[in-house]
Amino acid sequence: MLFSIKKEEWLGNVKNDFFAGLVSSIAILPEVIGFAIIAGVNPLTALFGSSIMMLVITFTGGRPAMVTAAAGSMALVMVGLIKSHGIDYMLAATVLTGIFQLILGYAGIHKLMKYISRTVMYGFVNALAIMIFMAQVQQLPGQSALTFVMVGVTILLMYVLPRVTKVLPPALIAIVLMGVVSVTMPGQFQVIGDLGDLSQTSFKFALPHVPLTIETLKIIIGPAVALTMVGLIESLLTLPIIDEMTETKGDAKREVKAQGIANLATAFFGGPAGCAMIGQAVINVKSGGRTRLSTLVGGTSLLILILVGKELMLQIPTAVLIGIMITVAIATFNWESLNLIRSFQVTESFIMIVTVAIVVYTHNLAIGIAIGVLLSAIVFMAKLSTLKFDESEETIRVSGPLFFASTHSLQRYFDDEKVSLDGKTIDFSHMVVLDHSGEEVLKEWLESHDTPARAMTIKGL
């Protein structure tokens, strides 16, 4: 069923979900606005599109409490297209992205997630945590001393308040308190309204104004493929993190299709493509969000802020959001992985570090994960490329997989002059031939050793 109507996915945590939704709606403001400006999209349009995505994902998504909006990773993919061809082509690419994601959802692309190793997952999570932290720190140069004080106080509140009260999420309390401080000290703090032009007042349903030609398809298909993969990778890797935090199980196949529907919806209202946002999803869960009600409240609250409470939204100091997101970055980083490095093999540690480095350097999750998976595959094949030879007085037992990478192991062992085959039984019953290369090498070896002079017995073939 495409829409969720399960009672347990909506009720049972109403108070916490309500306040968590309020926090998450505010927490997405700086990133969505910031990257909208970088991409060349009107910030209010990006926020409106994000509210649409959150509401669509609320009903169709496969992971309750997971926040989806116009993410920075997607914005970076769209910059070139918008600069070269304009907003309408970006919207057309977003529509095509939604279609691709729907197709891949029904095709079961989520099953490929099992090929991403734990070390690559650690690398992904740690890289995102570092990127979240860096995004906050980059906003601080040039700010006043009072801004640094507010950031520090916010971080302190985020850790102290949970020990004092659990009635309200600490992030919501911090936003209200720091907002009051900012209002009483006008001009002393940067506020949301200072981030860009937020004067747009109307939003309407519209189709992208592009010619329906092969030429248009050639222009948008590259960015659409990149948006599809980046969005699905980030969403499907965020899903198990929220699973672990909530100790519940999400539906990856459903989430892929829901991402497609959400991108189609946002495109028709002028919004840019989006995906799951790990930082905002973490803060939603940390604030008590557990069910679909949290993202319903989040999407609705964001819509109200844009349409009715814009003046209030514009007065929120960015310093309090920077402080909150710094604590999210700290919570997102998998600190246990640093201790595990001691128990990891050198190759596994190397894969994790390389994944982190590439994602942080390129700001491209798809490239980082792809290289991490490729390195994992190479290491895995290297481990399988050596066959085992157990030799006794009468028998040589060969075990392991025989394929293109392990054929050299077979040839090297039997070409060794120290290995005597005369009168022995060569037992291949514990060896598995996996590909044509293995078959050919084994066939050639049998033909070259099948002589009357060698009184050996072949077993297991």
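Any Cβ shown, glycine's included, is placed from N, Cα and C.
Summarising the annotation, TrEMBL assigns domain 'STAS' to 396-461.
Here TrEMBL flags 64-83 (among others) as transmembrane segment.
According to TrEMBL, the feature transmembrane segment maps to 89-107 (among others).
Summarising the annotation, TrEMBL assigns transmembrane segment to 119-137 (among others). Only residues 6 or more beyond the boundaries of the transmembrane segment (119-137), in the same chain, are considered here, and those with a CB under 8 A from a CB of the stretch are 31, 34, 72, 237, 240-241, 278-279, 322, 325-326, 328-330, 332-334, 337, 340, 344, 348-349, 351-356, 359-360, 363, 365, 368-369, 372-373, 376.
Sequence-distant contacts of the transmembrane segment (143-161) (same chain, at least 6 residues past either end, Cβ-Cβ under 8 Å): 170-171, 173-174, 177-178, 181-182, 185, 188-190, 317, 319-320, 322-324, 326-327. Residues annotated as transmembrane segment in TrEMBL: 143-161 (among others).
Summarising the annotation, TrEMBL assigns transmembrane segment to 168-189 (among others).
The annotation transmembrane segment is assigned in TrEMBL to 219-239 (among others).
The transmembrane segment annotation in TrEMBL covers 260-283 (among others).
Note on the transmembrane segment (289-309): residues 4, 8-14, 16-18, 20-22, 24-26, 28, 44, 47-48, 50-55, 57-59, 61, 64-68, 246, 248 of its chain, located 6 or more positions outside it, place their CB under 8 angstroms from a CB of the stretch. As annotated by TrEMBL, transmembrane segment applies to 289-309 (among others).
Under the heading transmembrane segment, TrEMBL lists 316-335 (among others). Sequence-distant contacts of the transmembrane segment (316-335) (same chain, six or more residues past either end, CB-CB distance under 8 Å): 26-27, 29-30, 122, 125-126, 128-130, 132-133, 135-136, 139-140, 143, 147, 150-155, 157-159, 171, 174-175, 178-179, 181-182, 189-192, 194-195, 241, 278-279, 282-283, 286.
As annotated by TrEMBL, transmembrane segment applies to 350-380 (among others). The list of residues near the transmembrane segment (350-380) in space but at least 6 beyond its ends in sequence, with Cβ under 8 angstroms from a Cβ of it, reads 72-73, 76, 115-117, 119-120, 122-124, 126-128, 130-131, 134, 226, 229-230, 233-234, 237, 337, 341, 344.
Summarising model confidence by region, the domain 'STAS' (396-461) averages a pLDDT of 72. Within the same chain, residues 62-63, 66, 68, 71, 73-74, 77-78, 80-81, 85, 89-90, 92-94, 96-97, 100-101, 104, 109-110, 113, 116, 121, 124-125, 210, 250, 252, 255-256, 259, 263, 273-278, 281, 364-366, 369 sit at least 6 positions outside the transmembrane segment (219-239) and bring their C-beta atoms closer than 8 Å to a C-beta of that stretch.
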